[in-house]
Amino acid sequence: MNYFPWLTIIVVLPISAGFAIFFLPHRGNKVIRWYTICICLVELLLTTYAFCYHFKLDDPLIQLEQDYKWINIFDFHWRLGIDGISIGPILLTGFITTLATLAAWPVTRDSRLFHFLMLAMYSGQIGSFSSRDLLLFFIMWELELIPVYLLLSMWGGKKRLYSATKFILYTAGGSIFLLMGVLGMGLYGSNEPTLNFETSANQSYPMGLEIIFYFGFLIAYAVKSPIIPLHTWLPDTHGEAHYSTCMLLAGILLKMGAYGLLRINMELLPHAHSIFSPWLMIVGTVQIIYAALTSPGQRNLKKRIAYSSVSHMGFTIIGIASVTDTGLNGAILQIISHGFIGAALFFLAGTSYDRIRLVYLDEMGGIAIPMPKIFTMFSSFSMASLALPGMSGFVAELVVFFGIITSPKYLLMPKILITFVMAIGMILTPIYSLSMSRQMFYGYKQFNAPNYAFLDSGPRELFVSTCIFLPVIGIGIYPDFVLSLSVDKVEAILSNYFYR
């Protein structure tokens, strides 16, 4: 038993170090940038150290647990702990946030506030991935909202205020349902509120109440990890945000929704989940097809990538809905792999926008000749996005497929139908990603342009892209890196479904 408060330090360090940014001497932006990157790196090293040396892989229970009384009057604890499911998203958060601060070098306006908000988001994300208390989970979930809103409305594109307002309305509306579900689950069945996950997991509710709770949580997560029809904030937000914000949004915020679905809906409300999962399955397949069909119609490059990420999140929903260990592991793997790929695609879209100052795809063309490095990286990541074997996307989607086909919960005909529709979705994915790279990089439009002197990507961009590209290839070749983390925990969750 290790009593050193690793998780508390990991959660509190970024935001408390972020407050120190405002006291740094003002000598240009260089100090602030380096300070932020150093904090992110220290945090990442701390996390990896704690997970390497104090986390036992074969133990499906909660580890590194901390429990401090916070508010005595209604039994609210500062309760943190991790297990096999949350360790992957936490490491992903550290990785992507570090690279996103590195990607934010060109930001010069109000850079103190910008970097502070990045660090505050870092804390909120890690807190929501590692909290073991319902109310603490909700608070961390909300801590995520304000930095994103400010980053959008201050550093966005032309329509930034519209998209920021849309984002805050959608996510705050979803959070109301989350809060109602949290309070309902906490106050049910006892005199004083019980908010920790362990007691709620052993609590049994009446069927109708459990379905109501499940639906409330489902709405909150459907807004966050966009599930159709609540996904419409995502393309606007991504189309307007600065690309480092986009990396955080696509890489981590979307994953919080899927994580909450896994963590609260599956662990705490198993009966309702076994009722809702066929519907989730249908929604996931519809979402894969729908987003893959809407994506080619977008003129804006970032909106097209945003729709592709909506389509990829459909696979995680299907994996969660097929109540098998294979499907669940595939969903977690897809969470991690899309975190890398989506962040990289948004980063490359943003850097190419910095070079050529064009947003719409039909105005681009022929960029491959002046910018070969960006062209190479973009093509390889769009290949990873369309699930080329050897990349992480392929493994994740394949495991989800296996999870559906082996699921004992569904009859044979629906399984065949759903697999067929998913296969159509996987055929549509190359269509939009390849047409996207064709419109951007081939042809002669920019080639004859008067200002034909584009810089190719510098060392910083190359560094960020290769840093994201290595784990994509690594997970694609040896997926056990990620799967070995979650396997035992997933079995422990699924034992609820078959032994009750």
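First residue shown is number 1, and so on along the chain.
The backbone N, Cα and C atoms fix where each Cβ goes, and this holds for glycine too.
All annotation found in TrEMBL is predicted automatically rather than curated by experts.
Quantities reported herein were computed from a predicted structural model and do not represent experimental measurements.
TrEMBL lists 131-414 with the feature domain 'NADH:quinone oxidoreductase/Mrp antiporter transmembrane'.
Look at TrEMBL and you will find 6-24 (among others) tagged as transmembrane segment.
Feature annotation from TrEMBL assigns transmembrane segment to 31-51 (among others).
If you look up TrEMBL, you'll see 112-129 (among others) marked as transmembrane segment.
The annotation transmembrane segment is assigned in TrEMBL to 135-155 (among others).
The transmembrane segment annotation in TrEMBL covers 167-185 (among others). Residues 134-135, 137-138, 141-142, 145, 148-149, 152, 193, 195, 200, 203, 209, 212-213, 216-217, 219-224, 230, 232-233, 236-237, 264, 268 of the same chain lie 6+ residues outside the transmembrane segment (167-185) yet bring a C-beta within less than 8 angstroms of a C-beta in it.
What TrEMBL records for 205-223 (among others) is transmembrane segment.
Residues or ranges marked as transmembrane segment in TrEMBL: 243-262 (among others).
The transmembrane segment annotation in TrEMBL covers 274-293 (among others).
Among the features that TrEMBL reports, transmembrane segment is placed at 305-324 (among others).
Same-chain neighbours of the transmembrane segment (374-404): 281, 308, 312, 315-316, 318-319, 322, 324-331, 333-334, 336-338, 340-342, 344-345, 348, 351-352, 355, 367-368, 410, 415, 418-419, 422, 426, 429-430, 433-434, 436-437, 440-441, 456-457, 461-462, 465, 468-469, 471-477, 479, 483, counting only residues six or more beyond its ends whose CB sits under 8 Å from a CB of the stretch. The transmembrane segment annotation in TrEMBL covers 374-404 (among others).
Per TrEMBL, transmembrane segment is recorded for 416-435 (among others). Packing against the transmembrane segment (416-435) from elsewhere in the chain are residues 281-282, 285, 288-289, 292-293, 295-296, 304, 307-308, 311, 314-315, 318, 382, 385-387, 397, 401, 404-405, 410: each is 6 or more residues past its ends and has a CB under 8 Å from a CB in it.
The annotation transmembrane segment is assigned in TrEMBL to 462-479 (among others).
Outside the transmembrane segment (6-24), and at least 6 residues removed from its termini, the chain residues within Cβ reach (under 8 Å) are 31-32, 35-36, 39-40, 42-43, 46-47, 50, 54, 64, 66, 78, 80-82, 90, 112, 115-116, 118-120, 122-124, 126-127, 130.
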